[in-house]
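To start, the structure under review is shown below, and the notes come after it.
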């Protein structure tokens, strides 16, 4: 048994472009069978005419199908030509884009170089001469030496304060220990006094 998809596929193969060729062929087969089984000459001649008519229709359908086939071939050739033209146009466009990108990069480099040259020219114009630069360097060297002495003095003072702060922390710690010990002694004495009072009352 054939599935519905197989039946449809078979009908499409037989029917060609769907113009009813399978119906005509079936009709032709039936007409041939009737012609073979015809009882009289008139009935045979009638079936013979029907077969000729069906054959003419089949030939006409086949001719139409061939014309459509030839037209499709020409259309395919035309589409292939258009496709090749489009491919060539795309290739030419890519080449042109690539060339434009190169020109843009070159223009960007030239513009960047010009900007750098202009910036250097402005710096050179505002830059002092060598004698003035040496004087400024000498002044900066003296200022740097002065700042170095100040830094050393500040570091010495900071070290002294660090030591003093350490001594202060040690003293605070010792004082805290002393206070804690005094507090413990006071608590012990209060505990002893409370115990003695309790024993006296008893």
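Just so it is clear, glycine is given a Cβ too, placed from its N, Cα and C backbone atoms.
Curation plays no part in TrEMBL annotations; they are all automatic predictions.
Worth saying up front: this structure is predicted, and the values here are computed from it rather than measured.
Feature coiled coil, per TrEMBL, maps to range 76-103 of the set 48-75, 76-103, 104-131. As a summary of secondary structure, the region 'Disordered' (179-202) carries 23 helix, 0 strand, 1 coil according to DSSP.
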